[in-house]
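Straight from TrEMBL, the features:
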{"type": "DISULFID", "residues": "117-129", "note": "disulfide bond"}
{"type": "DISULFID", "residues": "124-142", "note": "disulfide bond"}
{"type": "DISULFID", "residues": "538-553", "note": "disulfide bond"}
{"type": "DISULFID", "residues": "639-654", "note": "disulfide bond"}
{"type": "DISULFID", "residues": "916-925", "note": "disulfide bond"}
{"type": "DOMAIN", "residues": "889-926", "note": "domain 'EGF-like'"}
């Protein structure tokens, strides 16, 4: 291994040493390469053996601003795409937009759109199916991530897709409103159309890079995909053609003599409209036109000598072939768009150009023609046809919160009742009702008309994050799979009340805070009782509802001089109705005591900006409230000469404006100027009146008090009452002397792969990831992604380690690709991920994925899933939970269908699998193998697929893993060598009860057996909501003492602290119901591992249930411990409170639901 030679040579050498093996390795040579060489024959330069291929890849992709070699990745295998073959990538297949002139990219897509998942599966937005238990488990399984909450924390893993090569990036599917950059980066179409953002590799600008203003501003030279698709135009000469002359002006800033020559060329060689580009990546077939006269005028103007010419095309047109509703249509008429019209397309929910062109052509030419491939009810009995377009949708897309029809008629559609799972009903939207997917809760976009998908009557959804599988938020979302609506019981984190931030509609969490207790280090507002940061004083924003934090503050530089007439110690600037009527008798000031008192004194509710709410139920803030509270307008609409409010108060408040300025402009109060914008330092009035009604920040799109959304002091730190120091362990980066510069600075030369330089020819050779192929890794591989989880819950008799073989099978018998991995029994079963690659070219036939599990070389069980007819998709993902039948293994067929001593194995549906004897192959073991590469002690599934016995390494099982001979495991543990990478890896298995000697235990004691069941819950204080780390169910007549090991690992198998809170539920049957009683057993705030002992015969700490008339007085809960009415523990609607924090007279509360399910007198399921 130290020689860094290919592993198959090591296997050949091992086979050669085995005298009993008939090998072909007798003539093979093995080279021990020198320090700076690598390869079978040391044929490549490699500067350092201390660097792994992964590090080598990272360094060749790390310098994004030197991305001079990246190419357009393309899909070419199995598809002929006319008109767009240079741009087509796998994500274009079935994305709803026809790229190819022959429609090849949208062929057969109805098979995916109208496919049906099983009842125990979740259907992704793109139509693929995953197990329903994979939905909302904080690990995305859908390729479009539609099975998880759209959290910034989860999406951050895509931030570096442009500079890293991972399966996660390569398999990412962009949303319908996004443009795919070909590398896992997705950019909103609206951002591209409005010139706000481009792909990091400039894929959206391929062949038209010179029209981008962003590119030259940031780079100045061609880079990335632009270098591949663009040529630098030579300087203008008197013989330059029209397009060459224009290209030179677009790509450079030429001096005057070239400009003069360009004008001559334009006049003599160009038509009025110059066709400049006939191909682009964002809409193939769209031609770009420049107006010659406009460019001539611009270039001729001496004041523009040092300015680049405007790069934006003047016009666009489409003509030619387009496939609409399955019919190829050839239009000779040019369909024109101006640049402004193209930018106005951002008002649509997704890029609409394809739909609009088809709509125009079909309305004119095919209004009475039926389509040839119309989907009748026999093919698809459940579909919705979008209005005014030919799009057909599966009914699962109707009322799901995503706009799939161009005109949005699939949403808030009263004709289709909501039957889908994982749908949230917007709270105050009626006639018709509105629904959104759980995935959209808290994503920062108001999808509900009332905004309740962001801030509801109970919670701000962005604080409720399903970001770790076993946390409370995931448990709530997952309730739908059990037909339980757990969302209705969700409550706001207790310590988000009275923090001055609105986390509920209309700020209900900020009312009645006078008795609230603030955390250490926070300031309590005298009148409102809210808690704010001391640094918030005098920052220009009201934090206390009454503005106490802004009293007597001097911010003269950012105020209109007229505002300074008020005494900042006692008065607040306020333009009232009385002041507008008579400015001689009234002042523009009110007492600070009138601010935040719930009564609007100032026009626009400026004095109640933290108390009053807009129709969207959000704080007024910097907006202007008018029309008796029925409307809010943006601060920039105030005093702009346009009456946005029906009561016209947004303009009448500007008492000085007598029509001096035109509509749309702000009139300075001293009447010495008209401003097209305001609230910025660059646009000023002498009297500073341009600062009237402006936010405290001049950042664009700033939201009032958005910076005040602080993190709450989490429950764990409250419990421990001290800040814990968290030590972060990180892999040290290589030292400076190990830094290796990529050879020749060929960054991204192999796109997502890496290169080595050949010694003899100095040629750069690319090594591609499985997702790409080609000499530059420029072609997409057709592939199937596999995600599996084995459910061993009811089969403790299975081997601790399963050897798993996953194969891609053609026509039920021919294995065309395979992967091995190990599945290890764990407390929390994990998912395994791999890829299978189709042959190139992809042969016709029926494809399936087969999973076989082995103990050493003995087959345990197998599963098989059809891919066809969806194998037309270039990239597909199969996700399954694999469950073992309740029977002994091996499960042999009652009749042996296998020939030549093969063994027939059966599964539940009576299908069988033949395991052939050594030397035979085929579905029935009917064919003799010509030459087997596998060692004779292995199981040869084919000539080259070898199932290795324990301790031998794949692929051919000649090399033995002797790692366990080095005693790598602890006492009382058994070492098992791995057969799969990492090479020479091992696993330690505990084989006695003594392995848990260092783990904490809990013992439950009682003198007499219990007559009724009980449930013990152990809670971990993690994040905003407690996590149920463990549940112990005591059945009736349990034998005592009941002793269990306390779990200290989470679902990610990370070792953490032991649970801090222990709860006990008892269940006593009554005549018609079950009486449930909750007891608080312990609160353990210690880093030290300890054992717990609970005596059920002693008087336990009962948690009292608050009466209904006090359940909603959440802001008063902190003081309930001052009396003994409710004991030291009480529960309310969604909260569990206990006394003793921060002292015995006050309580701390946790947002908590009773997480168990029972029916009648029998507890039937524990849900965590």
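Quick reminder: no glycine exception, Cβ is built from N, Cα and C everywhere.
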Would you please pick out, from the disulfide-bonded residues 117, 129, 654, 925, the one with the fewest other Cβ atoms within 10 Å of its Cβ?
117
Fill in the CA-CA distance, residue 117 (disulfide bond) to residue 124 (disulfide bond), as an integer in Å.
10
Distance [Cα-Cα, Å, rounded] between residue 654 (disulfide bond) and residue 553 (disulfide bond)
25
Six or more residues out from either end of the domain 'EGF-like' (889-926), which same-chain residues have a Cβ under 8 Å from its Cβ atoms?
812-813, 850, 852, 858-864, 932, 936, 939-943
On a C-alpha basis, identify the one among 142, 553, 639, 916 that is nearest to residue 129 (disulfide bond); the candidates are the disulfide-bonded residues.
142
Where the distance is taken from Cα to Cα, which of the disulfide-bonded residues 124, 142, 538, 553, 639 turns out closest to residue 916 (disulfide bond)?
142
Counting other CB atoms within 10 A of each CB, which of the disulfide-bonded residues 142, 553, 639, 916 comes out lowest?
553
Using Cα coordinates, what distance in whole Å links residue 538 (disulfide bond) and residue 925 (disulfide bond)?
84
Go through 124, 538, our disulfide-bonded residues, and report the one whose Cβ sees the most other Cβ atoms within 10 Å.
124
Residue from 553, 639, 925 whose C-alpha is spatially nearest that of residue 124 (disulfide bond), among the disulfide-bonded residues
925
One of the disulfide-bonded residues 553, 639, 925 has its Cα closest to the Cα of residue 142 (disulfide bond), namely 925
Checked against DSSP, the composition of the domain 'EGF-like' (889-926) is 0 helix, 11 strand, 27 coil
Quick check for the class: what is the C-alpha distance, in angstrom and rounded, between residue 639 (disulfide bond) and residue 553 (disulfide bond)?
26
